[in-house]
Structures are given as structure tokens and as C-alpha cells.
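One structure below.
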Amino acid sequence: MDGAHSAALQLQQLPPTSSTSTLSETSFSYKENLIGALLAIFGHLVVSIALNLQKYCHIRLAGSKDPRAYFKTKTWWLGLFLMLLGELGVFASYAFAPLSLIVPLSAVSVIASAIIGIIFIKEKWKPKDFLRRYVLSFVGCGLAVVGTYLLVTFAPNSHEKMTGENVTKHLVSWPFLLYMLVEIILFCLLLYFYKEKNANNIVVILLLVALLGSMTVVTVKAVAGMLVLSIQGNLQLDYPIFYVMFVCMVATAVYQAAFLSQASQMYDSSLIASVGYILSTTIAITAGAIFYLDFIGEDVLHICMFALGCLIAFLGVFLITRNRKKAIPFEPYISMDAMPDSYLHNRQLLFKRYSNSRNVPHHYLESL
């Protein structure tokens, strides 16, 4: 009896099984994923509202006799405040969820912009015309929502603490160094063709944006994670890697904005939104998977369902942006047939003179 009693006491004193601790860690990782996803969705939604508010402010001032500048209106400042709030939410989301989950959620801003555009449309329409005109937007929004749900449900659950040691370890790992070498070579080749060969194709420009953007999101996650740990009491700001990541984050973001500005001058915004989202999301997920090892330990089913969610979200964004109005190109009031022969001869001489000069902008030659 004494032996049986002592055995029972030993069983009662055993620690919890490993399966229980695994379940608690899994539930905690899903909780962090949910927090990060909600912050990203909130941020992108608020940014979309802010951009539409500022656009509404510019349109209202342009259509009225109000002499005030746009930055002297309350609407524009409200839009700026909401934009900063939204960007802060997106920035904070990188500290909680894996990069592979946060990046594709930028589709929320496209969905929100499409819904806002439909709700606040000023044109008169009949129900049949409305459904025929916006059926692609409705289908695209539905697909984007389904894709977003799959992304959140089957996202990777890697939740490594962004300490200075961990970030440095990932930065000098051979898979990421190999990825960086390939990316630098590809970026230099694209930049050469873009600058020297005048390869102004939208894919070339947006690939440059996507390659820079992948480094931006990698550094944003590191900076956000180290800041959150510092706020929680585990100071990370004394590591040099924090400032290296911060400088890289700012630099890549600035150059990314410059290339986007150049693309917006040559192509329609809807085309930039769809192609840019697909390229930037794909390359950013690849960079996150290599740098942060997001998909290590994930089963094949979760990876396939996550990839399916990305594809559905891509298709949804493409359908939404495909339905947007394209800008009407400028048409001259005077046809070229009505021009004097001397004027046409002078244009031809100017084109021959400046076509071989690298200092003349490309759009100026096209205008000749």
C-alpha cells in the first residue's frame, strides 16, 4: 500500500506534458497573428480613408472659388492625421505578426478605396447600369476578402523575438547573403536598362520598386520589433544593428517613393496598383521567408492554402483596379494636318538635334 501511495504522489508531482505547453504556445502565436492582422487591416483602412479625404479636399477646392490653399483646410489636416495614424498601425503590426502575413494585407486599402469610390460616386445611374459597370469591382472585393481570410487563417506562426542578436544572426546568414547578392545584381541590371536603354516598361519600374520594398519591409519588422521590446523593458536601442536597419528602412523607402513617382507620370494609377501589389507582395514574402524563416516548421497544407489565399487576393485586386476609369489622354484642338509646313519642318529638326542627347527628358522627345 505504501508503494502504491508513493507512486500516486509521484504522478501528481509530475510537470505538465509537452503537448499542453505546445497547445498554449500555438494559441499564443495565433493571438499574436490576430493582433498583427487587425492592426494592419485597421492601418490600411484608415490610410485609404485619409487619402480619399485629401483627394476630396483637392477636388472641392478646384471646383470652387475658394482662394485658400489645400493645407489651410481642416479636411486636409484631418486626412494627414488619419494617414499618420494608419501608418503607425501598419508599422506596429510588423512587431506582432510574421512579415509574410502583414505584407499581403495591403489589399485592404484597395478594397476600401473601391468601396469608398462606389459609395461617394456623383454620377446619375440606373440600377442596371450600376450593376453592369461595377460587377468587376464587386467580384474583386469578394475575392480579395476571401483571399485575406485565407491569409490570416493559414499564415505562418513564427514569432521570434526581434532582439539585436537574432536580427544580426539573420542578417549574416548565408541564405540571406545569397539572396541579397541575387537581388543587388538584378537591381543593377534593371537600373541599367531603365536609365541607359530607356526601358520604361511598367514591369521594369515596378520591379525596382518591389526589390527596394522587400528591403523596406524586412527592416521595418526589425525596427518595429526592437522598439516594442524596448518599450516592454528589454532595451534594444543600444545595439548598432538597430540604427543600421533604421537607416536602410528610410533610404529604401525614399528611393521606392521616387520610382513610384516616375511610374505614376507614365502609367495609369490602376495599372500601377495591381501590378505593383502583385510584384511587391511576392518579392516581400520571399524576402521574409529567407530572412525571418517564416515558413520553417509549417506543414505543406498550410503553405499551399496560404499561397492559394495570395493568388485569390491577387486576382481580386486585379479585378478591382481593372474597373477603374482610365485617364483620358490629351487631344490637341488643332490637328497636325492644319499645321504649316515650316512648323512641321522645325519640329523634325529639333527632334534630330536632341534625340542623341542624354540631357533631354524622354517625355520631351515624345512631345516633339
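A Cβ is built for glycine as well, from the same backbone N, Cα and C atoms used for every other residue.
Feature list (source: TrEMBL):
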- 34-54: transmembrane segment (TRANSMEM)
- 75-96: transmembrane segment (TRANSMEM)
- 102-121: transmembrane segment (TRANSMEM)
- 133-152: transmembrane segment (TRANSMEM)
- 172-194: transmembrane segment (TRANSMEM)
- 201-229: transmembrane segment (TRANSMEM)
- 241-259: transmembrane segment (TRANSMEM)
- 271-293: transmembrane segment (TRANSMEM)
- 299-320: transmembrane segment (TRANSMEM)
Segment-segment contact (the transmembrane segment (34-54); the transmembrane segment (299-320)) at 3 or more Cβ pairs under 8 Å: no
Range from 75-96, 102-121, 201-229 with most C-beta pairs under 8 A to the transmembrane segment (299-320): 102-121
Selected stretch (most C-beta pairs under 8 A with the transmembrane segment (75-96)) from 102-121, 133-152, 172-194, 201-229, 271-293: 201-229
Contact set, same chain, for the transmembrane segment (102-121): CB under 8 Å, 6 or more residues outside the stretch: 36-37, 40-41, 44-45, 47-49, 51-52, 56, 90, 93-94, 134, 137, 140-141, 144-145, 147-148, 151, 217, 221, 273, 277, 280-281, 284-285, 288, 309-310, 313, 316-317, 320-321, 323-324
Residues of the parent chain within Cβ reach of the transmembrane segment (241-259), under 8 Å, 6 or more residues beyond its termini: 164, 167-168, 171, 205, 208-209, 212-213, 215-216, 219-220, 222-223, 226
